[in-house]
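K.L.:
Look at Swiss-Prot and you will find 1-20 tagged as signal peptide, backed by sequence analysis. Under the heading pyrrolidone carboxylic acid, Swiss-Prot lists GLN195, citing similarity to another entry as support. Annotation comment: Swiss-Prot describes 201-397 as domain 'Peptidase M12B'. Swiss-Prot lists GLU204, ASP288, CYS392, ASN395 with the feature Ca(2+) 1 binding site. The feature N-linked glycosylation site is assigned by Swiss-Prot to ASN219, ASN375. Sequence annotations record features per position, and here Swiss-Prot assigns disulfide bond to CYS312-CYS392, CYS352-CYS376, CYS419-CYS432, CYS421-CYS427, CYS431-CYS454, CYS445-CYS451, CYS450-CYS476, CYS470-CYS502, CYS514-CYS564, CYS542-CYS552, CYS559-CYS601, CYS595-CYS606 (among others) based on similarity to another entry. Among the features that Swiss-Prot reports, active site is placed at GLU338. What Swiss-Prot records for 405-491 is domain 'Disintegrin'. What Swiss-Prot lists as Ca(2+) 2 binding site is VAL407, ASN410, LEU412, GLU414, GLU417, ASP420.
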Amino acid sequence: MMQVLLVTICLAVFPYQGSSIILESGNVNDYEIVYPQKVTALPIEAILQPEQKYEDAMQYEFEVNGEPVVLHLEKNKNLFTKDYSETHYSPDGREITTKPLIEDHCYYHGRIQNDAHSTASISACNGLKGHFKLQGETYLIEPLKIPDSEAHAVYKYENIEKEDEALKMCGVKHTNWESDEPIKEASQLFATSEQHRFRERYIEFFIVVDQRMYNKHNNDSAAIRTWIFEMLNTVNEIYLPWNIHVPLVGLEFWTQGDLINVVSSADKTLDSFGEWRRRDLLNRKAHDNAHLITAMHFDAQTLGLAYTGSMCHPKYSTGVFQDSSEINIFVAITLAHELGHNLGISHDVPSCTCQTKACIMSPYLSDQPTKLFSNCSEIQYERFLTQRNPKCMINKPLRTDIISPPVCGNGLLEREEECDCGSPENCRDPCCDAASCKLHSWVECESGECCDQCRFKRAGTLCRPARDDCDMAESCSGHSADCPIDGFHANGQPCSHNLGYCYNGKCPLTLYQCRAFLGKDVVGVQESCFQYNRLGNTYAYCRKENGRKIPCAPKDEKCGRLYCSYKSFGDYISCLPCYRANEEDKGMVDEGTKCGEGKVCSNGYCVDLNVAY
C-alpha cells in the first residue's frame, strides 16, 4: 500500500449571501461568501520538495447554493516555455530583456467532482481566483480583501452589472499569402479532426502590451503580468479539447511609447503590428504567433482583428485585441476567438452549433461566456491543418517545471513513465500496469478510433462513414489505432442529385453559399439575377485584374457576385447581392460551383470540367 500523507486545512464554511458588492469584475448584485477547505492527498515523496510551493494537483471543498462541491485542480504545465522572457524599455529607449524564473507557478485547470461537463480555470497564487462551470452555469470566484481571512466570493456571471451593453464584434482579415511549403493540391486527402485533435500541437505565443494598456493599469507591469497569465490559462483551457497548448514564450511592455502607430482602425493597427513582428520581433525572439493587446477603442465596436489561416507566417501569424472588460474570462474568449482565425476558422453562421447558445467563433460577443467551438469550427480547423500544414505547431517547447523524480501512482504522467493511472486500487486504465507505471506487454494501442480495449480493431471495421456524396467511408487497417486519413471523391463527380460537382470534398451549391452568407432567411437563388455581373461596377463583376473590376462575359456571369432570394419580416428581395464594402471579395460564387452542364467556376470563368480539373 502506498504511503500517503493527508493534508487538510480545516476552515469554517459559512455560506453567506449578500445583495451587492464591488469586486474585481465590477459591481456584483448577488453573491455568496465561502471559506474553501483545501484537502490534498498526495504521496509523501511528491510533496516533500522544499523548492516547490504549489502542488501539481489539489482539491478544494466549498459550497455553492447551499450544496457542497469538490473542485479538483491540476497545474497547467504547458503555460510557459523554458526560455520565457519579458521586455520593457528604459526612458532613453533602450530595450531591457529579462528571463524571470517561473518554474513553480500557480495556474491550474480543473473540474467539479461528479459533474462530467464541468470545467475550471483557476489561479491559486493568493487564494482561489478564476471561474468554473457547474451544472451548465458559469461561476466566478475570488478572494475578498479582508485581512487574515480565507473568505471568498462566489457569484454567477449573470449577476455582474454590465456597463456597456453595445453589441461588440470581431473583425477578420483574409490573407492570400503563399506559405513556405505550397498548399496541398485539391486532389490530396484530408486528415480527420479526430487524428489532428488528439495529436498534441503547440503555439509558442508572444504578447505585446501597448502603452495605453500599460498606462490604463497604472504602469503596474506586475499586475498586468498576473492578469495576462490568468487570461492565457483560460485560453489554454479553451483549446484543450483539440489538444492544442498555447505556452507563453514572451511578454513585451511598450513602457515608453508604442513601437507602431496604434490607431482606432483595427485594420491599420494589425497591418502595422504584423510588419513590426516580421521586421523586428522575430529577429529577437523565436515564436509561432504574436498578439497585441491594447486599451485603444477600435472603430465600429470591434473587439479584435486577426488574419485568417495564417499560423506560422512571419507577418500574418498575428492579431490585435482590446482590453475591453474587467472580466478576465471575456478577454480570454476574445483572444481565443482571434487565435481561431489564425488557425483558419471563420465566423460561425446560423447553422453552426455547439452545446451553448453561442460558440467561440460567433461574430458578436455573446452576453453569456462560452468556451466551446462549433461543429463548423472543427471542420475548418481540420481543413487548415491539411491544406496549410502549419509545421511550427508540431515542435514541443521545453517545459519549465521543476524536474523531480517521477512518483508512480500519483495519477500524473511524468518522465520515465509510460502511464500513470493512480494507485492499483483506483486504476481504471486496462492498458496500464499501476504497480510499474508501464504499459502491459500485450498492449497495442491506448486510444484512437481503431483502438478497443488496448488492441487494434479488426481490419475492415468502419471507423468513419461517408458524410455526403463527395466523401468516402474509411475502415480500420488492423495495424493502427488511427482511422485512415479522410479521403474524398475526385473533383468533378456529380453530387446532390446532379445539382453540383464535387470540389475538394464538398458539393458547392449557390443556395448553401447564400445561406452561409445571409442566414436562414434565404429562400432560393434566381438565375436571372446573375446577369447583373455583366455591369462591372462596384460589386457586380467576375474578377479583378490589376485592381480593375472586370465585367462578366455572358457565359461567365454565374461565376461572379452571388445573388440570393431573401425574405425577412414579410419583405421579399429576389436579387440581393452578397456584398460587404470592407470585404468586397467575400460573397463571390465559390470555386468549383456548377455554372452549366459539365462546367464549373474557376477564377471567375465558367469552364469545362476537364479544363478545371
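Using the three backbone atoms N, Cα and C, a Cβ is placed for every residue, glycine included.
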K.L.:
Whole-number Å distance between the CA of GLU338 (active site) and the CA of CYS601 (disulfide bond)?
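P.N.:
GLU338 (active site) to CYS601 (disulfide bond), Cα-Cα distance: 31 Å.
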K.L.:
Work out the three-state DSSP category of CYS564 (disulfide bond).
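P.N.:
The three-state answer is strand.
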K.L.:
What's the CA to CA span in angstrom from GLU417 (Ca(2+) 2 binding site) over to CYS432 (disulfide bond)?
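P.N.:
Distance (Cα to Cα, whole Å): 10 Å.
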K.L.:
For the domain 'Peptidase M12B' (201-397), what's the mean pLDDT in this predicted model?
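P.N.:
The predicted confidence over the domain 'Peptidase M12B' (201-397), as a mean pLDDT, is 90.
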K.L.:
Which one of these recorded positions has the most other Cβ atoms within 10 Å of its own Cβ: GLU338, GLU417?
P.N.:
GLU338
K.L.:
Around the Ca(2+) 1 site formed by GLU204, ASP288, CYS392, ASN395, list the extra residues of the same chain whose Cβ is within 8 Å of the site's Cβ centroid.
P.N.:
TYR202, ILE203, ALA286, HIS287, ASN289, CYS312, MET393, ILE394, PRO397
K.L.:
List, in sequence order, the same-chain residues at least six positions removed whose CB sits under 8 Å from that of ASN395 (Ca(2+) 1 binding site)?
P.N.:
TYR202
K.L.:
Which secondary structure state does DSSP assign to CYS514 (disulfide bond), in the simple three-class scheme?
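P.N.:
SS state of CYS514 (disulfide bond) = helix.
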K.L.:
Using a 10 Å cut-off between Cα atoms, which of these binding-site residues sit near CYS312 (disulfide bond): VAL407, ASN410, ASP420?
P.N.:
none
K.L.:
According to DSSP, does ASN375 (N-linked glycosylation site) fall in a helix, a strand, or coil?
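P.N.:
The three-state answer is helix.
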K.L.:
CYS431, CYS432, CYS476, CYS514, CYS559: which of these disulfide-bonded residues has the sparsest Cβ neighbourhood within 10 Å?
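P.N.:
Selected from the disulfide-bonded residues CYS431, CYS432, CYS476, CYS514, CYS559 on minimum Cβ neighbours within 10 Å: CYS431.
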K.L.:
Where DSSP helix means H, G or I and strand means E or B, what are the helix, strand and coil counts for the domain 'Disintegrin' (405-491)?
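P.N.:
Tallied per class, the domain 'Disintegrin' (405-491) gives 0 helix, 16 strand, 71 coil.
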K.L.:
Can you grab the distance from VAL407 (Ca(2+) 2 binding site) over to CYS376 (disulfide bond)? Cα atoms, rounded to a whole Å.
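P.N.:
That separation, Cα to Cα, works out to 41 Å.
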